[in-house]
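Take a look at the structure below.
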Amino acid sequence: CIKANAKSCGECIQAGPNCGWCKKNDFLQEGEPTSARCDDLAALKSKGCPIEDIENPRGSKQVLEDREVTNRKIGAAEKLKPEAITQIQPQKLVLKLRVGEPQTFSLKFKRAEDYPIDLYYLMDLSYSMKDDLENVKSLGTALMFEMEKITSDFRIGFGSFVEKTVMPYISTTPAKLRNPCTGDQNCTSPFSYKNVLSLTSEGNKFNELVGKQHISGNLDSPEGGFDAIMQVAVCGEQIGWRNVTRLLVFSTDAGFHFAGDGKLGGIVLPNDGKCHLENNMYTMSHYYDYPSIAHLVQKLSENNIQTIFAVTEEFQAVYKELKNLIPKSAVGTLSSNSSNVIQLIIDAYNSLSSEVILENNKLPKGVTISYKSYCKNGVNDTQEDGRKCSNISIGDEVKFEISVTANECPTNGQNETIKIKPLGFTEEVEINLQFVCECQCQSEGEANSPACHEGNGTFECGACRCNEGRIGRLCECSTDEVNSEDMDAYCRRENSTEICSNNGECICGQCVCKKRENTNEVYSGKYCECDNFNCDRSNGLICGGNGICKCRVCECFPNFTGSACDCSLDTLPCMASNGQICNGRGTCECGTCNCTDPKFQGPTCEMCQTCLGVCAEHKDCVQCRAFNKGEKKETCSQECMYFNMTKVESRDKLPQPGQPDPLSHCKEKDVDDCWFYFTYSVNSNGEANVHVVEIPECPSGPDIIPIVAGVVAGIVLIGLALLLIWKLLMIIHDRREFAKFEKEKMNAKWDTVS
């Protein structure tokens, strides 16, 4: 928005959809140009522009005509005129477009049942189609019968074509002009295109007139079918086309001539795309060249004609390529004698009508359009595929989301109209485009306002729009005075040779400061001497991110100070675990503890490598004051009066955790090896309080008798155990000796016997 350098509110809102204009009279700082009023909405609010003073007009949409799509069944008693049937909704709307802001609306399409159909059968009557003509002669009533299953309102017409009536396409000898066929064949004179039967609901009349047709002939293989298609498309009155489904069946067994081929016959004038039928005959084939494929596509689309190419197998590939170039067209394979033409038409019609493709006319300069389709079975698409839906049956409803965006305002400021329609259908959506290129406040401007230096401009939207020949923020100068040296003197600071501090231009005796590439960086001041980006920095941020840079000086947010706003006044980071700032052993400076006691260190002065704990530190003083003993008994009154002491009866009466003041629970031994309990806390006023249990817990002396008895009993028991062990060992030894004696005794007895 800033880079747009907008001089007025209208220029500003055209810079982008997020740009707003501040119309507050005193919004600009000294030295700021008028274009500084244009910025994104958040920036304007941050600069102090009230929301009610920000001009930010938005686009809108308004539906003017919104008839519901028609629900109608085939065979219904109610017969509606074609123009009374609605297949597309809405029909008319107005879009107000702001540059860069899309306006989106939904379009609904529903294939109506029993929708009228006009079918025109265009047939090649060159000699090779002789057997086909016989089958087509009964086409009228047969096709009527089949089409009644689709619609109750069907009309059919017939036309034929051969070739341009000049050499080298036909022989121009008198005999050949009368009968171009050889031998005894009776053929009609060659012609380019003939409308045999305009569209009619009488199938018998079709059979009658087609039955009177005769084959003709020509010299070359390609035929002049494109001439015939062009005349069928543009001669709506003669053919009898209605605003209904229009089908053109093109039947041939040959290729086609197209633009440029007419040079062979000396025809160089391009086809003019106009109707030239006289007495139902095309009379200008010798004067105008064949139409180009693009020209045919344009005319077929303009006249909502869907083409069915009924061609023989030999030319399928050629006409399939042609089909890819012509929207809403189909190709069917024609049997050698056209016996399958009815089924071919039915199949091609079903194929064409099962697909809806949206197209729009030429868009105004700077306007773009995008489509998103919501088709059957949850199939969604965008971009080019978003224009169409396939596999639609009669009665199915599909939706499209269409977004229209203006990328610039029209130079003449006039409204534009675009139309969107489904290919092959006459119904369309008419969209009136109105462009939001000016602000509301501009219409409220005061011409020749006194606010613009004696009426030299129009005061609108908080700024002056100068009359021709006047410049300056307040139109106070004429263009003749701009480069005056006298004017430059007003743009120099005292004792300085720099004009506008080299940060701006001197216009009309006033400095207009330069714009920086970074739009957040601004020069300001009477001489452009100030800026908001050259203040002291901390951690790589201007004013440490804790203040605003004004004229190269930081204005700090609350709780911050210092030249770079890097000094925090918040003492919370200095709070020690005992609730004291810096543990009572330092001062909090810029959110960091400066420990005054050299023994203590750390972020809150709580770390002391050589210090005792709280309990051990105060143990001797508590002992001397509560029990009048301990190492400090003699110096108690001098060293230990720094806390308030309260005695309690038991440990349960000591203060418990959860109170406001930080609390330490202690258990220490006195000189008599007795345990005494106390708590130590410091309140918000820095006063130390000690609560001590008045009676220490001393261990009782040992009971001698149980000890002596235990010792004696132990000795006796040990002696008995030793005796038992000795006795057991002796028994084992005696038994071994006795067994040995018995054995020796037996040995001696045996010796005596022997």
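Cβ coordinates come from backbone N, Cα and C, glycine included.
Bear in mind that TrEMBL entries carry predicted annotations, made automatically and left uncurated.
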Partner cysteine of CYS528 (disulphide bond, per TrEMBL) from CYS508, CYS513, CYS535, CYS543: CYS513
Fewest Cβ neighbours within 10 Å, where candidates are the disulfide-bonded residues CYS38, CYS235, CYS409, CYS528, CYS565: CYS409
Residues satisfying Cβ distance under 8 Å from CYS511 (disulfide bond), sequence separation of at least 6: GLY31, CYS491, ILE499, CYS500, SER501, GLY504, GLU505, GLY525, LYS526, TYR527, CYS528
Fewest other Cβ within 10 angstroms of its own Cβ, chosen from the disulfide-bonded residues CYS22, CYS477, CYS491, CYS500, CYS608: CYS608
In the chain carrying CYS535 (disulfide bond), residues 6 or more apart in sequence that have Cβ under 8 angstroms from it: ILE542, CYS543, GLY547, CYS549, ARG552, VAL553, CYS554, ALA564
Among CYS19, CYS275, CYS556, CYS666, which are disulfide-bonded residues, the residue with the most C-beta atoms within 10 angstroms of its C-beta: CYS19
Candidates CYS38, CYS530, CYS593 (disulfide-bonded residues) with Cα within 10 Å of CYS19 (disulfide bond): CYS38
Shortest C-alpha distance to CYS409 (disulfide bond) - which of the disulfide-bonded residues CYS235, CYS565, CYS608: CYS235
The domain 'Integrin beta subunit tail' (615-703): DSSP-derived helix, strand, coil residue counts: 20 helix, 28 strand, 41 coil
Cα proximity to CYS666 (disulfide bond), best match among disulfide-bonded residues CYS9, CYS235, CYS513, CYS530, CYS593: CYS593
